[in-house]
Amino acid sequence: MPSAPLLTLNDGHKIPGMGFGTYPMNDQEVEAAVQAALLTGYRLIDTAASYGNETGVGHALQDSEVERKDIFLATKLRGADQGYDAALKGLDGSLQRLNVDYVDLYLIHWPLPEKDLYVESWKAMIAAQKDGKIRSIGVSNFKPAHLERLIQETGVVPAVNQIEIHADFQQADMRRFNAKHGILTEGWRPLGKGLMDNPVIVELADKHNRTPAQIMLRWFTQNDIIPIPKSSNTDRMRANLDIFNFTLDDGDLAAIAGLEAGNRLGGDPDTHVEE
Ligand SMILES: NC(=O)c1ccc[n+]([C@@H]2O[C@H](COP(=O)([O-])OP(=O)(O)OC[C@H]3O[C@@H](n4cnc5c(N)ncnc54)[C@H](OP(=O)(O)O)[C@@H]3O)[C@@H](O)[C@H]2O)c1
């Protein structure tokens, strides 16, 4: 069974080097998919309050033979729940739906600078971490200015920043900023759009006798980024995780680096609005 090596976060907790994404599956779909993902060997499960599927994720965890302590469960604070008291309530709602006592990682889903509540939300997460409801606290879609404010105003550095990354949107500056502050980068939308047919990716897939998806995901892990690909298909799930037994060489990595095109697919964190 393939498995991802563990990495160490800046708070000392361990996190699997590859995760399983659950957007946009509903409760029913996600229950089956997470069950299959756990059987396949995934141990990091990524959900969010705003995905509306935490209940299904919780059912899958309960039904699994994999013990809770061996699963790294991550969820996210939705925009409507930002603020000190609201964030504590939002977290409790997630814990209830997931039917767990704690989550391994809790992320502020988007900074929503217009609301200007992410520092208050972060303070609530620091308190909830002390209470044992969260093991590691982090953020998602944060830019340097947002991170600098959190760090300056609370002194607590996020363990993780989960951001959009794919071969034609590599976020090299943001990743450098994260690394400089000891923040581990997770990459969402790791397979991008239309990249499976990219000639550079296809050539590397032929060279290594791998699929285009495996080439792209291996690029993440060799760059110290945790990818969280989603798949509802067990064969693709398995193949996506089965990447730790081959290595892209310097030339391969440089060829993928050359695909950078600034091609953001999701929202810009400075302006993105999320409920
Ligand atoms: N923090 C955020 O703001 C944010 C935003 C978006 C997403 N996320 C998280 O990141 C996760 C991943 O992002 P994503 O789901 O948008 O994109 P993704 O994982 O890059 O791509 C998922 C798509 O690729 C297909 N796929 C998966 N493996 C494949 C393979 N080996 N070959 C060909 N196609 C394959 C899937 O279809 P099948 O299911 O049919 O295989 C699905 O259509 C999400 O599920 C979610 O957990 C976070």
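Cβ from N, Cα, C; glycine included.
What you are looking at is a predicted structure, and each value in this text was computed from that prediction instead of being measured.
Per TrEMBL, the features are:
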DOMAIN    18-259  domain 'NADP-dependent oxidoreductase'
ACT_SITE  Tyr51  active site, proton donor
SITE      Lys76  site 'Lowers pKa of active site Tyr'
BINDING   His109  substrate binding site
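What TrEMBL annotates, mapped onto the structure for a quick look.
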| residue | record | DSSP (3 states) |
| --- | --- | --- |
| Tyr51 | active site, proton donor | helix |
| Lys76 | site 'Lowers pKa of active site Tyr' | strand |
| His109 | substrate binding site | coil |
Entry from the recorded positions list Tyr51, Lys76, His109 having the most other CB atoms no farther than 10 A: Lys76
Nearest-integer angstrom distance between the alpha carbons (Cα) of Lys76 (site 'Lowers pKa of active site Tyr') and the residue listed as 'substrate binding site': 5
Between the residue listed as 'active site, proton donor' and the residue listed as 'substrate binding site': CA-CA distance (Å): 11
Within the predicted model, mean pLDDT of the domain 'NADP-dependent oxidoreductase' (18-259): 98
